[in-house]
Every structure is written in C-alpha cells, then in structure tokens.
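Undergrad: First, the structure itself, so that you have it in front of you.
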Amino acid sequence: MRFAVRGLAENILFALNIFIVFLLLFGDKISVPIWLQPLGRMHPMILHFPIVLLMLAMLLEFFRFKQVYNGEKLYQRFTTGLLLTGVLLSAVTVVMGLFLSKEEGYAGDALWWHKWTGVTVVFVSSAIYWSRNKTWYKAPLAKAGAVMTTFCLIVAGHYGATLTHGDNYVLEPVTSAKQVPVDQAIVFEDVVMPIFSEKCLGCHNLDKAKGSLIMDNARSLLKGGKTGKLFVAGKPEISLLLERVHLPVEDKKHMPPKNKTQLTSEETTILRLWIKGNAELKKKVVDLPQNDSLRMLATALLGPEKAAEEKFDFAAADDAAIAKLNNDYRVITSLAKNSPALVVNLYNKSIYNAKQLEELDPVKKQIVSLNLNNLPVKDEDLKIIAKFGNLRTLHLNSTDITGAGLKHLSQLKNLKELTLWKTKANQAEIKVLSAANGDLKIIGGI
C-alpha cells in the first residue's frame, strides 16, 4: 500500500513537471479560465507549507551521507517521504502561481525573479528526488543541490513578499524617510507621495499594477489606470481616488482593501485638499496661504518629533469622529506622529459660530492646542473651551472677547500658554487669571 501511494505521488510529480514546462513555453498564448482563477489565488495561502517541508528536507539531505546516518533506514525512509511531499506540494504551488501571474496587474522584475526561482526550486528538488538513489549521486552533489534549492527558496520568498507587500516592507519601520524641513518641503513630493508610498504602492507599482494603475511617480498618477483618471485637478468631489477611499470598507472597490492598513482621516483630508488646490506638483508648503488647511496639516505632519516629548495619559480619539469633524474651516491634526494629542485650527470669520466649538465635544479630552485667531469669538464661548481639560495652548488673538469671560479659563489647570493680542481684555482681568493659574504664560497687548 505504501509503495502504491508513493508510486502515485511520483507519477503526479512527473506530470506536474511536464505541465509546468508547458505553461512556461506556451503561457503567453493561453488564458486561465474564470473557474480556474480561484485555484491560482490560493497560491499565497498554501505556499508556506511546502517551503517549510523543503527547507527541512534540504537540511536532512545535506547531512544524509554522514556516516552516522548511512545505516539508519528510518532516517533514509523519512527523508525520502519528506522530500517527495515537499517537492509535490511545491509543484502544485508553482502551478497555482503561474495561474495567478496570468491575472491583470502582475509584471516587472519582482515577478520574473519570483517565477523563475520558484520553478528552479521544483526542477532541482525533483531532480534530487529522482537521482538520490543512483550510484553516482554522492555527498558533494547532494550538498550542492540542497544549497541551491535553499538559496532559490529564499530568493523566491523574498520576491514573493515584494509582490504581496511592496518593496522594503520588512525594513520600512527602521528606514523611515529623512525628515524634510517645512520651509523646503514640496506638497506633492514630501506630503502627498509618502501617503501613496505607505498605503498604495503595495498593489500599484511596476511589478504589481492592479487595475493597470501605477502610483510611484507623478507621470503615472496623472495617467491613471484601467478605470480612467485617478483624480480631476480642482474637483475632489468627482475624483475617482476619493470616491474609492470613501466607499464602505466592505465594498470590494474600497481602497485600500479592507485587509490593508487604511488611510487616516488626516491623510484623506490631505489628499482632498491637494486635489482641490489643482493637484500642484511643484508648489512648496510655505507657498500656501498662512491659514490654508493643507498648509496646517502639512506643517503638523512634517513638524519636528520633539513635539511628542510630552507623554499623554489619555487614549487617542476615534478616527471616524475626527474625520466627521474635519472640514475646510475646522482642521484637526495630531500633535505629532503616534501621539493621541490633537491640534485644532478654526478660521473664516464669516462662518464661525459657537456651535463649531460645541461639536468638538467627542474629542475634547484629546485637544491640547486650539487656534481661534481672527474669529469673532465671544466671552460666552470660553465656557465651552473650559471643558477642554487637557488644553495646553489657546490662541485668541484678534477675537471679540472683552476679558469678562477669562474667569472660565481658570478651570483649565493644564493650560500653559494663552495669547490675547488685539483683544479688549485688560490687565486686571489677566492678573486674576494668572493668579488662578501660576504656570500660565499669557501673551497679550493692543
């Protein structure tokens, strides 16, 4: 029975090798039918098992001719069975991979290396299996074959990971891009492209262009993909990029796919504002208006890491809540990367009202900086701000406060800086507030 099963497995392995040769020779002339495509898509799911089996089989094969194992029938039988199983499953995996490579979006050097090193693994390990009992098959040949198979396994695995996760996936956390000073930063190159690189290039690169869309350079982005232009400059509301981003996560057209890291609310806002501003490719951050939302977001994103020196003991706000509150006239950003603290900027005096402050209630614990400069803020609005218990910095320059409402700010025990330039607050009221909070730095004047 054991020999019958082994004989069947050997025949299947031989047939699979012939089929692989056929696919390599005539693959360009055939297309995989839809009913076979699910088989190809199982390639990433099953490939890990044969890799482990073959690695172990090659290790045992390398030491097979050591004198201590020569008379061990159990060792010889085990290595034979392990090798056959590993090679057979590897051949099945390669066939699946060849099916998968026929689908749209796979091309480039990474695919070429992954494909041919994978095929080499099957051919070399099959040759080892069928030759290992021949009289001419000696230790040097066994070791050379084991080393070659192992090397090809490692290379195939590396390029397979590149196809799945994108280039530099493993080392990316410890090889982050060099910090660009805000005054030198270009909006597209230093703010927008890093978002695409982190969240999109895994599926839209030269080696794996899903939907025929490549997103690693400006020219390809402007060209778009199979479904058309990625965005319409100046019109975010009809841009395909934002349409896909805002689809429900469960929707198969949502981007990034639900099994990938999603865009943060800040990143989505940056993309929207960049497109709204005509998707400029050369404009610097400092060339944007001082109160421009995109400039504020970019400045926060590119700001020095020292902003995160203070450790906060509160949890981060819900991304969905932040996204709901963010708009063109109320910009909410993180104080620093990976910090739960939030910075809020409001502007446009013609639409300001106290409700914009009240709506911040879901994130009041996370707000550490609030900028209300040049807005018609009233004394009674300070009652709302007094609820932001973790507020450190408050800017009220050129507002309509008279100073009568400053007493409400005495509740803010964490407040460290308050600016009151060009307001009607007088020195007596400022001194009362200073007495209530000795650590508070108040900057004011006419």
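Cβ atoms are placed via backbone N, Cα and C, with glycine included.
Predicted, not measured: the structure shown is a model, and the values here were computed from it.
Take a look at what TrEMBL says about it:
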{"type": "DOMAIN", "residues": "42-164", "note": "domain 'DUF2231'"}
{"type": "DOMAIN", "residues": "200-258", "note": "domain 'Cytochrome C Planctomycete-type'"}
{"type": "TRANSMEM", "residues": "12-36", "note": "transmembrane segment"}
{"type": "TRANSMEM", "residues": "42-60", "note": "transmembrane segment"}
{"type": "TRANSMEM", "residues": "81-100", "note": "transmembrane segment"}
{"type": "TRANSMEM", "residues": "112-130", "note": "transmembrane segment"}
{"type": "TRANSMEM", "residues": "142-161", "note": "transmembrane segment"}
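Mind running through what each feature is packed against?
TA: For the domain 'DUF2231' (42-164), the DSSP-based tally of helix, strand and coil residues reads 101 helix, 1 strand, 21 coil.
Beyond the transmembrane segment (42-60), the same-chain residues lying 6 or more positions past its ends with a Cβ under 8 Å from any Cβ of the stretch are 75, 78-79, 82-83, 85-87, 89-90, 92-93, 96-97, 99-100, 121, 125, 146-147, 149-150, 153, 157, 160, 164.
Distant neighbours of the transmembrane segment (81-100): 6, 9-10, 12-13, 16-17, 19-20, 23-24, 27, 32, 36-37, 39-43, 46-47, 49-51, 53-54, 56-57, 60-61, 106, 114-115, 118-119, 121-122, 125-126, 128-129, 132; these residues of the same chain sit at least 6 beyond its ends, with a Cβ under 8 Å from one of its Cβ atoms.
With a threshold of 8 Å between CB atoms, the same-chain residues lying at least 6 positions outside the transmembrane segment (112-130) that come near it are 13, 16-17, 20, 24, 54, 57-58, 61, 80, 83-84, 86-87, 90-91, 93-94, 97-98, 101, 142, 145-146, 148-149, 152-153, 155-156, 159-160, 162-163.
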Undergrad: Taking every residue in the domain 'DUF2231' (42-164), what is their average pLDDT?
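TA: On average, pLDDT over the domain 'DUF2231' (42-164) sits at 87.
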Undergrad: How about long-range neighbours of the transmembrane segment (12-36): same chain, 6 or more residues beyond its ends, C-beta under 8 Å?
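TA: Sequence-remote neighbours of the transmembrane segment (12-36) are 84, 87-88, 91-92, 94-95, 98-99, 102-103, 119, 122-123, 126, 129.
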Undergrad: If you run through the domain 'Cytochrome C Planctomycete-type' (200-258) with DSSP, how many residues end up as helix, strand and coil?
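TA: Looking at the domain 'Cytochrome C Planctomycete-type' (200-258) with DSSP, the answer is 18 helix, 5 strand, 36 coil.
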